[in-house]
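K.L.:
Quick one: this structure, given as structure tokens, is what I'll be asking you about.
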Amino acid sequence: MPPVSEVDRGPVEESSGGLKRSDCVCPVCLEIFLEPVTLPCMHTFCKPCFLETVDKSNMCCPLCRKRVSTWARLNSRNKTLVNMELWRRIQDAFPSQCERRVQGIDDDEEAVMIPKPRVCQPGELRKEYEDQISKLVEEKRALEEAERRASEEYIQRLLAEEEERLEEERRRREEQQLENDEKLARLLSLELNSGPASESTCNIKPAEATPAKKKPSVGDIEKFLRPVPHRQPSSSDSSPDSSLMANKENILSPPKPLSALSAEDCGKLTVHMLECNGKPSTSSFNPSTSEHTFVFNTPKSSSVKRKSSEIELQSEVDLHSKRPCALLRFDSSSEDSPFLSEVAVHEEALRSRWQQEEEDRRLALRIQKELDRENSVDRRKGSADSYQLRQKNTSVSTTTSPDVEGTKKGSNTTTAKNCTGRRGEEKTEKRLSGTTPGKRPGVKTPVSSTAVSSTVKKGTKQTTLTEMFPNMGS
């Protein structure tokens, strides 16, 4: 058996001009070209096939669907549709086939155009398979690398955003803390400068004042925020100092009005923390007392020299670390004792009044609970306020009058009288039940209705017809 590569299923004709039969076959009719027409898209058809498929239908190439309407109309008018050069070459290469095609004679032998099969070389399939596998692995590796890189970038971006957010929150908290510290320092300075000095603070002028446009140094606010260790009160500490430290939380309490102080007290006021422009004092922070000169524009004197005691501040923690609210201690002169003592007395009075109001409120709540407990009504059976129920039939039968017993004995003798009596009683009861609820206050009630009301007022829950109508028994 010959090898597969040597099998030849049909002849393959090739002319001397270099044209193959496969190149001269129309893709529509699968015959050799007859007056070939070459379109602008370089696809060639027979002229009859072109006229049937292109010219009469949609004016598009059957293979590539390119629009050729303008080209077809122009060449049809000029009669240049047929590619004469290709037609001449086909006639020179295949004269017999062209002659039979022109005469309309079909070819007896059909040329089978099957290419010769080719056997693969040893290892060619394995190499092709390995190349395909390596290509797929490389593509997968590249895809995984791209995904990993994208995930790393995304994680880095998330971490950066989180870090920025935390940094922003920390910066915001620090700014808020600084604002709170600054507000607290201002409140402390206003508390110390308020009261008697409310009118004169704006007129205070230091003797050795710096220029007005001098900017405050950065970080001066820290000296008002340093915590001071608790010390045992000594003889030098006066009672107003201790009262002010005990009531440091009541900073926002209304200050004493200026009208309560005299002009002499205003002149003797000493400024402890800040100057009139709100800037911290430029004096050093040593325990010793330094002398400052201030000008007070009071009604009595225009300029008076006063001594002010320096603020004693001691820090035990780092300035950059977080710390609680600063505790300020200072040595006040004897001239401040009336004002501070009055403030302490006023706060003590307010506290005592609040305690008394709280005790009164608790007492009122306790009394109200006792009253609610006393006013509650017990409706259980057997209690004093229980619901009044109807009495049993046995009690009703025992309370009947002798007239009723005589009537019952007479009724038992004759059946006819008993029936008529019962019917009369039923009619009377129905008439009574129909007329009693609808009676009007202006109409006089009979004696029987008065008897019924009297029996109801006595407290009985059920009565008989003879008690309601005593005239019937007689």
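The backbone N, Cα and C atoms fix where each Cβ goes, glycine too.
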K.L.:
Looking at 247-258, 295-306, 379-390, which stretch does Swiss-Prot describe as motif 'LR motif 2'?
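P.N.:
It is 379-390 that Swiss-Prot describes as motif 'LR motif 2'.
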K.L.:
According to Swiss-Prot, which listed range is region 'Disordered': 1-20, 321-340, 341-360?
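P.N.:
That would be 1-20, per the region 'Disordered' entry in Swiss-Prot.
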K.L.:
For the zinc finger (26-65), find every same-chain residue at least 6 residues outside the stretch whose CB is under 8 Å from a CB in it, and list them.
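P.N.:
Distant Cβ neighbours of the zinc finger (26-65) are 71-72, 76, 81-83, 86-87, 90, 94, 97-98, 101-102.
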K.L.:
Helix, strand, coil residue numbers for the motif 'LR motif 2' (379-390) per DSSP?
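P.N.:
Helix, strand, coil within the motif 'LR motif 2' (379-390): 0 helix, 0 strand, 12 coil.
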K.L.:
Just to confirm my parser: what is the rounded mean pLDDT across the motif 'LR motif 2' (379-390)?
P.N.:
76
